Amino acid sequence: MYRKSALELRDAVVNREISVTAITEYFYHRIESYDEQIGSFLSLCKERALLRASRIDDKLAKGDPIGILAGIPIGVKDNIHITGVKTTCASKMLENFVAPFDATVVRRIEMEDGILLGKLNMDEFAMGSTTRYSAFQHTNNPWDLERVPGGSSGGSAAAVSARFCPIALGSDTGGSIRQPAAFCGVVGFKPSYGAVSRYGLVAFGSSLDQIGPLTTVVEDVALAMDAFAGRDIKDATTRDFFRGTFSQALSLEVPKLIGVPRGFLDGLQEDCKENFFEALAVMERQGSRIIDIDLSVLKHAVPVYYIVASAEAATNLARFDGVRYGHRCAQADNMQEMYARSRKEGFGKEVTRRILLGNYVLSAERQNIFYKKGTAVRATLIEAFQSAFECCDVIAMPVCASPAIRDTDVLDPVSLYLQDIYTVAVNLAYLPAISVPSGLSKEGLPLGVQFIGKRGADQQICQVGYSFQEHSQIKQLYPKAVNGLFDGGME
């Protein structure tokens, strides 16, 4: 059953080939059998999920209409609210926080009869690119348990890669869906800013965050977006970008002009560079023309991103003080000491580092030097993308400079920040992007290629990703690091 895409599972349910309860029990059995080695889930909602599965089976038995996600098991990153379920953001600060309401994406998934399996591990408050900054557990890459799955949506990528669920929700603030998707050999889609409601997402960078799906195939990205994309009265930043469905858009014509910022590829590991040019050749064989574009301003993207993101993080995380929200220290002599101790005990090192950086760039003495200049360069970067899209329909870029790194190779924080060079600009410019598996490195580790579109061109980007997937014949990659995960008689 794990070999079936979400679409195939839904069709099996509709055709009465299998019950939703049987599907749900099967995927819980996989999680309970193998996730101890991977560590993708922080918590499970088994009783809730099986109850919903039973209700959907009852609807089917009565001949009642069912939703487009009927019977599909879905994992949820642990910064997205599900009523009555803990939302910890993988932080001691929120270790005991129970969500009082559903995120809009969760509500829409359940309206379409999707089954929520549980909450997935992540870097604390979505700050990191290894999932090693979780306060509770490490998540290992299913391709090599000694390597990181990427981050911050590392639990989401690992769960889909291990086929614990065909769809997982992640959030992408600077590459946190696309990078782990590439590291784990799955598809990751970062929608345009405003395409998917952020209501019920614990904010990191409010002008950068976007919820999106991770899946095994692009068709399932389209299905997920059809279920939960679109305007939401609870999120004033959302827009109605789309006409028709994402699933219908997969059959559209492939864009003719694909732009590549070749001057920006020097930092790629050699086999990653070869793989990227092989991916471009796949698109050329479909009739697309590859042209060079100037995006030299991207050299400023990483410092601008860390100025803007850290400033927004410091502001958003100010609410977690032990009074309004979050962990409260056991003893303090006064209110100021209580604030300081609660935050010191509740936040990990990386979150603390970014709060300090954010407060520094927002300070009266430094705001003009850093934050205001950073936002000005961000505007220049947006203009550079707009100019590039006057010359091409889609931009192709690598997702990462290398495959997934080993635990022993985890770099110092600044070096890890520089690894975001191919992803953060998309968030700064509010654009959609999809990461699609593009093959394996010389070490047998998955690699990904990234297609970027104009803001609101999400359907076109999914179509490009689908076209690449079908013509490259790189589909449904199966990791082999966990014994029995794919050959242990669990069909």
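Counting begins at 1 with the first residue displayed.
Cβ coordinates come from backbone N, Cα and C, glycine included.
Look at Swiss-Prot and you will find LYS77 (among others) tagged as active site, charge relay system. LYS77 (active site, charge relay system) falls within a strand when secondary structure is assigned with DSSP.
When other Cβ atoms within 10 Å of the Cβ of SER152 (active site, charge relay system) are tallied across all protein chains shown, the result is 34. Feature annotation from Swiss-Prot assigns active site, charge relay system to SER152 (among others); the stated evidence is similarity to another entry.
SER176 (active site, acyl-ester intermediate) falls within neither a helix nor a strand when secondary structure is assigned with DSSP, and so counts as coil. Taken from Swiss-Prot, the feature active site, acyl-ester intermediate applies to SER176, supported by similarity to another entry.
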Local Cβ density at SER176 (active site, acyl-ester intermediate) - other Cβ atoms counted within 10 Å: 36
Distance from LYS77 (active site, charge relay system) back to SER176 (active site, acyl-ester intermediate), taken between C-alpha atoms, in Å: 11
Neighbouring C-beta atoms (10 Å sphere around the C-beta of LYS77 (active site, charge relay system)): 30
Length of the line joining the Cα atoms of SER152 (active site, charge relay system) and LYS77 (active site, charge relay system), in Å: 9
